[in-house]
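Some notes on the structure that comes next.
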Amino acid sequence: MLYKSALVLLSLSLLSSAQQGPTCLSPTTAGSASNKATCCPSSNSVGEESVDGTIYEYKCGHYADNLISQKGQYSPNAHDCARKCAAQATSNTPCHAAIWTAESNQPDIGICYLSQAGFTEKADPSGKWLLLVRTDRTGSECQQAIDDAVAVNQGACDQELAKKDQEKLDAVAVNQQACQKSLEKKDQEKTQAVDNEKAACTRAVNTAKSDCTKQSNGRNDVLGKRNYQVYYQKHHRNKEKQVMLKTPSRHLCWEACALDSACLSAIWQNNGLCWKNYFKVTTANLYNHGAIDTAIFW
């Protein structure tokens, strides 16, 4: 068959032709010049349409030789020319193709020639002629070809749409992952900032405590009618006679010693241990110790 490679495009054209008004082989085309313009919007336009149930393939800018008669017949449009070929399809010299052209000096009249079997398709440099080839196919066969072509194209279209949808889903997933990572990074930055602030605050408190401790070292205080001096982060080496007890704070440790008239000093460790000492301790006996404070009573 001629022009099979263009089947898909032709089938789609046929499907929409009813909604687009007169077509190339439409019997309602008004005027041969108008019909020629419809058939041949370009010099190499091709197509196929049904005329009285038989499919005709048409090709602009081409003609056929091996004419049945050298005398042309008047035809107002390509549809009429195709019907003239169909009318002679069963004669002694059956028509297998027709060529038609519009008469430029007579807009409503065209010329039609019929060709018999064994014709040769030839190019028409002038673009004047339209070749009509009668096929053995009927409209129902053409419709099946159209349906098959549409089904193939529909499948390809569905695959392309599915591909596009998947690409969109993939893009959304990538964006969600990027957003999640960005949120996690922000959370980590906020957590780190809070940790930094806490560390700075702790350092400031420790510095203030250290300054306070340095200022309070050796200061005279009274507890339970007894005088005492506290030396922070100081310990002594004398362990002659000691009594250990548990106190949750250094003040309770000092208070335990103050209430015991025989207690001359007390040391408190930051793990809650308190020792009451029953021997005399002087500042000369003290040495630095970060976890222990010492109170001397008199």
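Note that Cβ sites are derived from N, Cα and C of the backbone, with glycine treated the same way.
The model shown is predicted, which means the values in this text are computed figures rather than measured ones.
TrEMBL assigns the feature region 'Disordered' to residues 28-48, out of the candidate ranges 28-48, 196-216, 217-237.
Secondary structure of the region 'Disordered' (28-48) per DSSP (helix as H, G, I; strand as E, B; remaining residues coil): 8 helix, 3 strand, 10 coil. Using a Cβ-Cβ cut-off under 8 Å and counting only residues 6 or more beyond its ends in the same chain, the region 'Disordered' (28-48) has close neighbours at 3, 6, 10, 13-14, 22, 55-61, 75-79, 101-104, 106-110, 127, 130, 135, 142.
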